[in-house]
């Protein structure tokens with residue numbers, strides 16, 4: 001029997017423990033008539049329950065802390081050393097925060113959900129979630145790997161997450177913290193604390209940050225990417241920041257989905273960390289994304305969507321947030337890798353970027369050094385929405401296409417990834433799903449044809465030319481791309497000089513961003529693989 005004595009975590013006099021509740025019980029619990037506020041779920045006409053998370057409709061990166069002690073002092077990439085969210089916390093302040101959460105959870109009826117993070121038995125984390133809110137228990141049951149009955153019998157957690165969303169920290173100013181809310185980690189005690197924020201994603205991304213700490217130290221790549229596998233067993237991984245196409249491009253009727261967001265790569269191959277998907281639902285339609293739409297049914301959990309009095313969901317309504325979401329168990333998608341979300345070694349590594357500057361080609365093949373350079377740069381760009389004319393694009397450089405979730409220095413992830421790629425003989429490509437000189441976004445049809453050419457290997461037969469300034473190898477034509485002129489971004493401009501001006505501007509931004517990596521010999525050597533001014 002698993003040890004359910006919560007007093008070892010500081011939680012006392014518990015009224016009742018609802019341990020590993022079924023989906024049916026969770027449905028009953030989260031829709032009870034006597035619930036109020038953010039605890040109460042609404043049944044929608046799609047069968048899924050919808051909940052609200054209040055003002056917290058996304059993560060709170062400024063409220064993220066890691067205890068700086070003997071375990072972490074020399075390993076964590078601290079916020080005072082780089083642009084990231086790993087703010088140090090003293091053990092003394094940690095103990096005060098822990099006291100707040102354990103006091104909040106004591107004397108209550110609690111939900112305890114035991115899960116795994118990581119599909120590989122050798123390196124997975126056994127994670128126990130403790131919460132007083134039924135839908136939060138539902139969220140982690142969806143998102144993490146659900147152990148078998150046999151595994152649950154002897155379950156002993158490696159890591160514990162205590163979610164005290166209802167409690168806040170009144171001493172935050174005195175403790176020199178960011179606000180009354182907190183998401184804090186102690187890697188010695190192996191505990192995560194959540195206070196003040198109701199956003200479900202804090203539990204998901206919290207454990208991703210922990211996998212990002214433990215795995216690279218063991219030589220295993222930990223990646224913010226989606227992954228799929230073809231009928232011949234050929235694996236592809238898709239790195240990219242939010243909005244670049246990770247979920248859309250990896251959901252392919254010809255290929256089985258391994259996972260849509262978080263993966264590891266070890267001696268056996270690529271494996272999912274999760275047991276579910278957390279998909280954006282803004283402007284979702286059955287026609288454009290049938291797989292995701294059809295996954296929204298009983299046992300799925302909608303967040304911050306608009307629901308009318310009849311339970312009808314309006315996916316186009318962004319009045320609460322643009323970041324409307326749904327979590328569902330991965331088996332709600334038909335074409336997935338079964339029974340375990342893992343496959344062999346990746347042969348194709350695809351970096352997705354949405355370049356709003358109109359400079360980068362739709363696809364370029366990268367050398368080993370360029371792959372490291374662009375992985376460390378993690379570039380994408382956003383366009384502020386205007387009705388006509390191109391506004392100033394905003395560049396985003398997020399190391400490893402996921403700086404917010406990195407616990408170690410970015411170069412450690414790059415080194416591990418490159419070793420895995422070399423051992424597998426994997427090729428790397430930079431795919432731009434953004435804009436070109438026409439002012440329009442590259443069509444999803446053209447991007448899918450490019451992805452097909454990468455995955456079936458036909459891109460290797462193409463003739464390549466070099467793009468100036470960036471020294472990227474671009475194919476001159478590809479099967480399925482009807483207008484091959486789009487493959488060279490220069491040809492999409494009426495005035496050749498305009499591309500050149502934009503390219504120099506973007507190149508300068510790349511160079512300035514990469515300066516922070518030139519404090520190591522490896523980083524200095526990679527400068528030559530980036531844009532040249």
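Each residue, glycine too, has its Cβ placed from N, Cα and C.
Lifted from Swiss-Prot, the feature list:
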BINDING   59, 199, 205, 325  substrate binding site
BINDING   205, 224, 240-248, 289, 325, 441-442, 447  ATP binding site
BINDING   205, 224, 261  Mn(2+) binding site
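What Swiss-Prot annotates, mapped onto the structure for a quick look.
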| residue | record | DSSP (3 states) |
| --- | --- | --- |
| 59 | substrate binding site | coil |
| 199 | substrate binding site | coil |
| 205 | substrate binding site | helix |
| 224 | Mn(2+) binding site | strand |
| 240 | ATP binding site | coil |
| 248 | ATP binding site | helix |
| 261 | Mn(2+) binding site | coil |
| 325 | substrate binding site | strand |
| 442 | ATP binding site | coil |
Tertiary neighbours of residue 199 (substrate binding site) (same chain, Cβ under 8 Å, six or more apart): 53, 56, 57, 58, 59, 60
Max CA-CA distance, Å, over listed substrate-binding residues 59, 199, 205, 325: 14
Residue 261 (Mn(2+) binding site) to residue 248 (ATP binding site) - Cα separation in whole Å: 11
Residue 205 (substrate binding site) and residue 248 (ATP binding site), Cα-Cα, nearest whole angstrom: 20
Sparsest-packed among the binding-site residues, when each Cβ's other Cβ atoms within 10 Å are tallied, from 242, 244: 242
Neighbours of 205, 224, 261 excl. site residues, C-beta within 8 Å of centre, Mn(2+): 204, 208, 262, 402, 405
Residues close to substrate site centre defined by 59, 199, 205, 325, Cβ within 8 Å: 58, 200, 201, 202, 204, 278, 323
Spatial neighbour of residue 240 (ATP binding site) that is closest, considering only the binding-site residues 205, 224, 325 and their CA atoms: 224
Cα separation, residue 325 (substrate binding site) to residue 224 (Mn(2+) binding site) (Å, whole number): 18
Distance from residue 325 (substrate binding site) back to residue 242 (ATP binding site), taken between C-alpha atoms, in Å: 13
Sequence-distant neighbours of residue 325 (substrate binding site) in its chain (C-beta under 8 A, six or more apart): 200, 201, 278, 279, 280, 281, 302, 303, 304
Among 59, 224, 261 [binding-site residues], residue with fewest other Cβ within 10 Å: 59
